Amino acid sequence: MSVNFRVQLYCLLLMLSALKGEGRYLQENEVTAEGLFSLLNSEVKRESSTDFIYRRPLRCLDMLSVEGQFIFSADRPQLNCAAYFIAEPGEVISVEFSAVDIDCRRGDFLKVFDGWFLKGEKFPSNEDHPLPLPERYVDYCDTGMPRRVVRSSQNVAMIFFRVHSPESGFTITVRKLINPFPCNIISQTREGSFTMVIPHQRTNCSFSIIYPVEIQIEELSLGRLGSNDAPVKRSVPGCGGTGDFVELLGGNGVDTAKMFPVADICYSLKGPAQLKVGCDNAVMRLVSSGKFINRVTFQYRPLDHHELQKLKGNDVEDFCFIE
Amino acid sequence: MKLNFLVSTVVMLVALLPRYECRAIESQGAVQQDPGPQSDLQQQSLPFLVRLGEEYFIRLGNANSPLSTPNMSPDAPSATISRALQLHLTQRLLQGKVGNISRLVSSYASQLDDSTERGKRSEEPPISLDLTFHLLREVLEMARAEQLAQQAHSNRKMMEIFGK
């Protein structure tokens, strides 16, 4: 038999055997065109979208990682309340106020902060955030505020609020929006992987992991992508804090400006390079001059108790422990 | 013939796929607000430095003690490591301490230099939160559990709707 004829015969046999099994399955289920195209049915979409607005009461201290409506209603004066929002690394958060019933003149307030505040420290730091600090606050009580929708610059945001009267309250609607070039991220999980890209922007981006972790850098691409380019020769050891480089920071706060540099790399590399950081917070920070496209791919996993104890035993320092 | 078929398939897919709202991102999604009288905000607001009560602050016997001045360690760990990054790490551990101290000092100095009294007040959050990392992780775990439960619920709803 010729090759062509054999190929055609095999195809025919394959189709027949597929139809023998799958065809019967399809027939028994009576899949119709109407069912197949129900995804495009606007009625179904409306029904599904209205059913899926998640609602629940907002607590005085709360953390939200879902979209939905959150209603705060004070049963007694609540003077020190905060709600943290966190989304996926490639998302930003939109907060919309509605049904706000607070007495600004009495000292009630409701403020959105573009980032997180923790133990007196803020993330992203002043130098890494695109806005000056006063503009990172949006106060509902500000008479000049025309809109009630506020969008964050990164995947985290928070609100501070205080109400004196038990009848006070408000509703916020939280949505997540796609951010195609995420910069300044806090990881929701203690393990995962991420690729951070800074495309021709003079900016510094941080990926913060609030757990003791082992970080493995899979690939780092700094500067020009041409393989013929010779690596930059530096007269001083290390990266010198200039140009394009990636640095790994460790510390017990969230402000990257107050963390200790653990390592820095200013040359492209391929292949896994591992580092254990036994700090409360480990940050991968990519510093970019804006002249090139810089990219770093890494993954991280939590350190177990045994590894943490070993790190503490080996290290002479009194703060977080690095290996 | 094949090209015509391919083109017509692409056209149909483009026509039938749902459109997503295009959003121009100017500077990594800047906070949407009027650039108006934010400077007046601090003048009008009441004093906002309030210590948080024991309602949220949990004192734990945290093994990671607060940051103390790091000591210079001239005896770096000897090289039992083989990777270039780890050797570089050893160097950075020694150099980075000095660099970090100067960075800390310069960052604090610049904060003090740049801030007026109004600016100083804007540096502080309206509420002082003594939230520890441990508590933050606890509430984060709760939020994740809520997200997974909500996702499972919405998946179930989807299956019910499309099963009709």
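Including glycine, each Cβ sits where the backbone N, Cα and C put it.
Summarising the annotation, TrEMBL assigns signal peptide to A:1-23.
Across all of the domain 'CUB' (A:60-177), the predicted model scores a mean pLDDT of 92. If you look up TrEMBL, you'll see A:60-177 marked as domain 'CUB'.
In the three-state DSSP scheme, A:CYS60 (disulfide bond) falls into the coil class. Listed in sequence order, A:GLN78, A:ASN80, A:CYS81 are the same-chain residues six or more apart from A:CYS60 (disulfide bond) with CB atoms under 8 A from its CB. Annotation comment: TrEMBL describes A:CYS60-A:CYS81 (among others) as disulfide bond.
Within 10 Å of the C-beta of A:CYS141 (disulfide bond) we count 18 further C-beta atoms, all protein chains included. Feature annotation from TrEMBL assigns disulfide bond to A:CYS104-A:CYS141 (among others).
Of all Cβ atoms in the protein chains displayed, 26 besides its own lie within 10 Å of the Cβ of A:CYS183 (disulfide bond). According to TrEMBL, the feature disulfide bond maps to A:CYS183-A:CYS205 (among others).
According to DSSP, A:CYS266 (disulfide bond) sits in a coil region rather than a helix or strand. There are 21 other CB atoms within 10 A of the CB of A:CYS266 (disulfide bond), with all protein chains counted. The disulfide bond annotation in TrEMBL covers A:CYS239-A:CYS266 (among others).
According to TrEMBL, the feature disulfide bond maps to A:CYS279-A:CYS320 (among others).
Under the three-state DSSP scheme, A:CYS183 (disulfide bond) falls in the coil class. Spacing of A:CYS104 (disulfide bond) relative to A:CYS266 (disulfide bond) is 51 Å (Cα to Cα, whole number).
Checking the disulfide-bonded residues A:CYS104, A:CYS183, A:CYS205, A:CYS266 against chain B with a Cβ-Cβ cut-off under 8 Å leaves A:CYS183, in sequence order. Here A:CYS279 (disulfide bond) is positioned 39 angstrom away from A:CYS141 (disulfide bond), judged by their C-alpha atoms. DSSP gives A:CYS279 (disulfide bond) a coil state; it is part of no helix or strand. Cβ neighbour density within 10 Å is lowest for A:CYS104 among the disulfide-bonded residues A:CYS81, A:CYS104, A:CYS205, A:CYS279.
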